[in-house]
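Down below is the structure, laid out as structure tokens.
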């Protein structure tokens, strides 16, 4: 079964709603790890709508599992990553007007630029993952830029309105996962996964890690983050929430 990366962005969302100091994402990360999180994920957005630079710097010093920094492919974010040196970076698309990441990164349309950023990060011993849709051409492009990982965008699967569409989207993810592994890429997945839909994705052969945030933080508001993380670990194993 894949490991669990807990995205704590929405702890920071609650904090930033009042521009105060709590809840602290750093404290949330500690509790998540104590409950069994295998990694901590944060997205430092260009508009700093939730996670702040301070959070990433302190998390780099305190996270005991691994820190996955999601970021846009910009010079500003590249400089921050090279300075902080997270355990790995996931390059994601980003629009200021979006509520959350809306789709996968277009590697094909900016292959030279992405390749340059991947090279600079990996030359600094920072592994790179590319958040992409499970499209054959995007997977091929990810190989060309020499990324070590991809993270398959599971949004279409998660948002499927019926079982027929859900099975179709799962088949697309399965095919993409297989293609990527055969090409030498390591495969993670995430976006929109919940306690109720995570297991079929977790069961895909070769899947290494699932990055999950909103559903865990939503559950944590009711039962606490430690229980919410433990329940997600169970769901990944097919034991339900």
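Yeah, the Cβs are placed from backbone N, Cα and C, and that goes for glycine too.
Here the structure is a predicted model, which means the values were calculated and not measured.
Listed in Swiss-Prot for this protein:
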- 7, 18, 192, 213, 214: 3-amino-2-oxopropyl phosphate binding site (BINDING)
- 9, 10, 45, 50, 100: 1-deoxy-D-xylulose 5-phosphate binding site (BINDING)
- 43: active site, proton acceptor (ACT_SITE)
- 70: active site, proton acceptor (ACT_SITE)
- 151: site 'Transition state stabilizer' (SITE)
- 191: active site, proton donor (ACT_SITE)
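Sequence features, as recorded in Swiss-Prot, placed on the structure.
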| residue | record | Cβ neighbours (10 Å) |
| --- | --- | --- |
| 7 | 3-amino-2-oxopropyl phosphate binding site | 25 |
| 9 | 1-deoxy-D-xylulose 5-phosphate binding site | 21 |
| 10 | 1-deoxy-D-xylulose 5-phosphate binding site | 22 |
| 43 | active site, proton acceptor | 24 |
| 45 | 1-deoxy-D-xylulose 5-phosphate binding site | 20 |
| 50 | 1-deoxy-D-xylulose 5-phosphate binding site | 21 |
| 191 | active site, proton donor | 26 |
| 192 | 3-amino-2-oxopropyl phosphate binding site | 19 |
| 213 | 3-amino-2-oxopropyl phosphate binding site | 22 |
| 214 | 3-amino-2-oxopropyl phosphate binding site | 16 |
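Within the set of recorded positions 10, 43, 70, 151, 191, the entry lying nearest in space to residue 214 (3-amino-2-oxopropyl phosphate binding site) is 10 (CA atoms). For the recorded positions shown (70, 151), fewest C-beta neighbours within 10 angstroms: 70.
Annotation: 213 are the recorded positions among 9, 10, 18, 43, 45, 213 whose CA atoms are within 10 angstroms of the CA of the residue listed as 'active site, proton donor'. All protein chains included, residue 18 (3-amino-2-oxopropyl phosphate binding site) registers 8 other Cβ atoms within 10 Å of its own Cβ. For residue 43 (active site, proton acceptor), the spatially nearest entry among the binding-site residues 50, 192, 213 is 50, judged by CA separation. Closest in space to residue 18 (3-amino-2-oxopropyl phosphate binding site), of the recorded positions given as 45, 50, 70, is 50, taking the CA atom of each residue.
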